[in-house]
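Asks: Dropping a structure here in structure tokens format, bear with me for questions.
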Amino acid sequence: MGSDDPVNVNQFQQLAKQLLPKMYYDFFAGGAEDEHTLKDNIKAFSRIMILPRVLVDVSRIDMSTTILGFETSSPIMVAPTSYHQLAHPQGEVATARAASACNTIMVMSYSSTRTIEEVASSCDGVRFFQVYVYKRRDITAHLVQRAERNGFKAIVLTADTPRLGRREADIRNRMIRPHLKNFEGLISTKADSLARGSNLQAFVADTFDASLSWKDIEWLRSITKLPILIKGVLTGEDAMRSLEAGVDGIIVSNHGARQLDYTPATISVLEEVVRAVGFKVPVLLDGGVRRGTDVFKAIALGARAVLVS
């Protein structure tokens, strides 16, 4: 390893900023509006101190865990993120192979630049599939059932996006979404540019079902035999509603601070959600995780695992 090689996540981010086109880097790294929550997701971890206990035998350390019965090498999963081919020519296939090599779980995004089938056939490994509910329910059903046929082990429903957050960097850059191969034959996948702003907003407004509510969990369960996790929970009240709806897991998430600015940092509400759930289902967390100490803090506060991107 050379002296200039990155040794932590922050240095990898700096390297990405140097290498990626500005539009793409801003898409991956940006948040909503003032980006207050984006910054606080990270800062909130620094406000939590660790009290070590000494003279404890740590000669044998086992970081493995199980998530919905699936064994992983550590409590670190790959979060669902969009458009990996903007950063790597192999896109989500490369991500899937890396997750498999690390013996961890990848959550594949609905907006992958590689198809469900391409990712499923690329390597062995445990994968979950992330979805939204669309105005045309047949689109959601089609994607969920394709994922199930191709060996995905769970469905992750993102519940915090009735409207797309105001991501001002994408608006300034006139961010154009890439071709969405998973939607071929279902909806128009043409990546048209707009005179103003980001066409991501137009796509979400045209396709996402803003009327999505708790009753729709039952509909989602009716179209799949896979366990369902709900992503986007930030309160104890919603955690209890999740249990009442029969979900199999909860992901404490503010969408990487890309949706509603001034929502709390995820680590700051984790304990509340864990207490509300009472360990009846696994609670996972994403947002702001940059170091192993962050993972440790989340596990200590009750998370089964974290998701990173």
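Backbone N, Cα and C atoms are what each Cβ position is placed from, and that goes for glycine too.
Residues annotated as active site, proton acceptor in TrEMBL: H255. Under the heading FMN binding site, TrEMBL lists S109, Q130, T158, K231, S253, R258, D286, G287, G288, V289, R290. Under the heading glyoxylate binding site, TrEMBL lists Y132, R167, H255. Taken from TrEMBL, the feature domain 'FMN hydroxy acid dehydrogenase' applies to 1-309.
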Asks: Indicate the candidate from R167, H255, R290 with the smallest number of other Cβ atoms within 10 Å of its Cβ, considering only these recorded positions.
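Replies: Each of the recorded positions R167, H255, R290 was scored; lowest Cβ tally within 10 Å is R290.
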Asks: Using C-alpha atoms only, work out the spacing between S253 (FMN binding site) and R167 (glyoxylate binding site) and round it to an integer in Å.
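Replies: A Cα-Cα distance of 17 Å.
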Asks: Counting Cβ atoms within 10 Å across all protein chains shown, which of the binding-site residues S109, T158, S253 comes out on top?
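Replies: Compared across S109, T158, S253, the most Cβ atoms within 10 Å surround S253.
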Asks: Are any of Y132, R167, H255 (the recorded positions) within 10 Å of T158 (FMN binding site) when you go C-alpha to C-alpha, and if so which?
Replies: Y132, H255
Asks: Taking only same-chain residues 6+ apart in sequence, whose CB is under 8 Å from that of Y132 (glyoxylate binding site), what do you get?
Replies: Y110, T140, L157, T158, T161, F208, D209
Asks: Would you work out the biggest C-alpha to C-alpha distance among Y132, R167, H255, the residues that bind glyoxylate according to the record, and give it in angstrom as a whole number?
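Replies: Between the most distant Cα atoms of the glyoxylate site, 19 Å.
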Asks: Counting across all protein chains present, how many other Cβ atoms fall within 10 Å of the Cβ of D286 (FMN binding site)?
Replies: 26
Asks: How big is the Cα-to-Cα gap, in Å, between D286 (FMN binding site) and H255 (active site, proton acceptor)?
Replies: 8
Asks: Measure between the Cα atoms of every pair in S109, Q130, T158, K231, S253, R258, D286, G287, G288, V289, R290, the residues the record assigns to FMN, and report the largest value in Å, rounded to a whole number.
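Replies: That value is 22 Å for the farthest Cα pair.
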Asks: Counting every protein chain present, what is the number of Cβ atoms, excluding its own, within 10 Å of the Cβ of G288 (FMN binding site)?
Replies: 26
Asks: Mean pLDDT for the domain 'FMN hydroxy acid dehydrogenase' (1-309), as a whole number?
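Replies: Mean pLDDT across the domain 'FMN hydroxy acid dehydrogenase' (1-309) comes out at 94.
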Asks: For R167 (glyoxylate binding site) and H255 (active site, proton acceptor), what Cα-Cα distance in Å is obtained after rounding to a whole number?
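Replies: Answer for this pair: 12 Å between alpha carbons.
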Asks: Just the number: how many Å between the Cα atoms of G288 (FMN binding site) and H255 (active site, proton acceptor)?
Replies: 11
Asks: Measuring Cα to Cα, tell me the gap between R290 (FMN binding site) and H255 (active site, proton acceptor) in whole angstrom.
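Replies: About 16 Å separates the two Cα atoms.
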Asks: Measuring Cα to Cα, tell me the gap between H255 (active site, proton acceptor) and S109 (FMN binding site) in whole angstrom.
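Replies: On Cα coordinates alone, these residues lie 13 Å apart.
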